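Per Swiss-Prot, the features are:
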type	residues	note
REGION	1-226	region 'Pyrophosphorylase'
BINDING	7-10, Lys21, Gln73, 78-79, Gly140, Glu155, Asn170, Asn224, Arg329, Lys347, Tyr362, Asn373	UDP-N-acetyl-alpha-D-glucosamine binding site
BINDING	Asp103, Asn224	Mg(2+) binding site
REGION	227-247	region 'Linker'
REGION	248-453	region 'N-acetyltransferase'
ACT_SITE	His359	active site, proton acceptor
BINDING	Ala376, Asn382, Tyr383, Ala419, Arg436	acetyl-CoA binding site
Amino acid sequence: MVAVAILAAGRGTRMKSNLPKVLHRLGGYSLVERVLNSCQLLNPSRQLVIIGYEGEQVRDSLQQLDSLEFVEQKEQLGTGHAIQQLLPHLEGFQGDLLVLNGDVPLLRPQTLENLLNIHKTHRNAATLLTAHLPNPKGYGRVFCDNNNLVTQIVEDRDCNAAQKQNHRINGGIYCFNWQQLAAVLPKLSADNDQKEYYLTDVVKFLAPVMAVDVEDYLEITGINDRKQLAMANGILQNRVKDHWMAQGVTLIDPDSITIDDTVELQTDVIIEPQTHLRGKTSIGKGSRLGPGSLIENSHIGDNVTVLYSVITESQVASGCRVGPYSHLRGQAQIGESCRIGNFVEIKKSVIEQKSNVAHLSYLGDATLGEQVNVGAGTITANYDGVQKHRTIIGKGTKTGANSVFVAPVTLGEEVTVAAGSVVTHDVPDRALVIARQRQRIIEEWKKTIESKK
């Protein structure tokens, strides 16, 4: 049985932000969400989030997650003080406690699983995650015997010249036997320059304490400022892109492409430069995206082409061509084999298969049947100043260039709309609608004007 405690009480002053540090986003999740995700493979019996600065904001951001317990640290007096706040909450708990930092978001689930397994196998009082860094400056050094049992942890500022040659550092990730830890937590002292209670100080009261090296030291990258957040994003992006290229996805210029790790891609997808996939997005096999496109929280079917376009909260079925310079938003649903072309905006509309909206159009709150052809410059006037209204256009209808449909209005099937029409009333099946001023020519108009000068 294992409980997880996540340290999420700090403000993160170096972020220069009103937002708590752990709520800054990395890919599709906040930092603290990523930490929570990393430990789900362990199936923890309890998950406790220690909150402090803007604690209600942290709590509200995680309210969609089940089984979280929130523990308040009213004063931020160090990591040891944070864990002391768990004493009344874990009274009588008989298992192990895994301690994670809410600002260390790149841990792999397998790393934590390995840490816990070694901890249990050796029946350690404490097991900590360590790493060998090329440049360990600023990190506490961990000293071990030949059996990886910890003999000493020395903070960087307290290391002498010889100790600084040790590149094995403390990653700040711990697994404790809770009952043994609970017995020594009251012994912690704030007798140091920072006047804080350090969790590392419990090591001198516990035995055995073992160190376990992380396979990739980048996993323990912590976030303290915007530069480190950007570095972590680069590490995450490399992981994600390496994964998808190994699965049969082509990235034309990986450095210019971003893909959230919440995105799902099928084989033979091709992603062109300056394309960004975000949120809960899925892309079907053989689709070609970009260059210069943004797709967020959307589903794209098989063999779709998206060129210089923005698609958010929408669905595009197989065989469609979108762009250049199209904007789909607000639950737009595009059926199979449709063409959505240059400078077209579609909002909260359903367009059925084999329909074309090729140029310079706005369709909002509309439903188009199959094989509708929308002429250039077609607009649905869906807002009366108070509420939105729907436009319904039946199967096989053709709208002329520069048409306006003043909603609510319904056009039947196979209707022909003359160019320049402003349609305000329903139109029956197979009708021709001409809703424009009859052309009038006044000859010699120029001469009339000149005579008045």
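Glycine residues also receive a Cβ, built from the backbone N, Cα and C atoms like all the rest.
Overlay of Swiss-Prot annotations on the structure.
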residue : record                                        : contacts (Cβ under 8 Å, 6+ apart)
Leu7    : UDP-N-acetyl-alpha-D-glucosamine binding site : Ile50, Thr79, Ala82, Val99, Leu100, Asn101, Gly102
Ala9    : UDP-N-acetyl-alpha-D-glucosamine binding site : Ile50, Ile51, Gly52, Tyr53, Gly55, Gln73, Gln76, Ala82
Lys21   : UDP-N-acetyl-alpha-D-glucosamine binding site : Gly10, Arg11, Gly12, Met15, Leu31, Gly102, Asp103, Ile223, Asn224
Gly78   : UDP-N-acetyl-alpha-D-glucosamine binding site : Ala190, Gln194, Glu196, Tyr197, Tyr198, Leu199
His359  : active site, proton acceptor                  : Gly341, Asn342, Phe343, Val344, Ala376, Gly377
Tyr362  : UDP-N-acetyl-alpha-D-glucosamine binding site : Val344, Glu345, Ile346, Lys347, Thr378, Ile379, Thr380
Tyr383  : acetyl-CoA binding site                       : Gly364, His389
Arg436  : acetyl-CoA binding site                       : Ala418, Gly420, Ser421, Val422
Among Ala376, Asn382, Tyr383, Ala419, Arg436, recorded acetyl-CoA binders, what is the largest CA to CA distance in Å? 22
Near the region 'Linker' (227-247), which same-chain residues lie under 8 Å Cβ to Cβ, leaving out any that are not at least 6 residues past its ends? 15, 24, 26-27, 105-106, 218, 221, 254, 257-261, 263, 265, 267
Might you list, by sequence position, any residue in that chain lying six or more from Arg329 (UDP-N-acetyl-alpha-D-glucosamine binding site) with a Cβ less than 8 Å away from its Cβ? Val310, Ile311, Thr312, Glu313, Ser314, Glu345, Ile346, Lys347, Lys348
Restricting to the chain of Gly140 (UDP-N-acetyl-alpha-D-glucosamine binding site) and a gap of 6 or more, list residues whose Cβ falls under 8 Å of its Cβ, or answer none. Ile153, Val154, Glu155, Asp156, Ile169, Asn170, Thr200
Write out the long-range same-chain contacts of Ala419 (acetyl-CoA binding site), meaning residues 6 or more apart in sequence whose Cβ is under 8 Å from its Cβ. Gly375, Gly400, Ala401, Asn402, Ser403
Cβ-Cβ under 8 Å from Asn382 (acetyl-CoA binding site), same chain, 6 or more residues apart: which ones? Gly364, Asp365, Ala366, Lys388, His389, Arg390, Thr391, Ala407
Of all the binding-site residues given, Asn170, Asn224, which residue's CB has the most CB neighbours within 10 A? Asn170
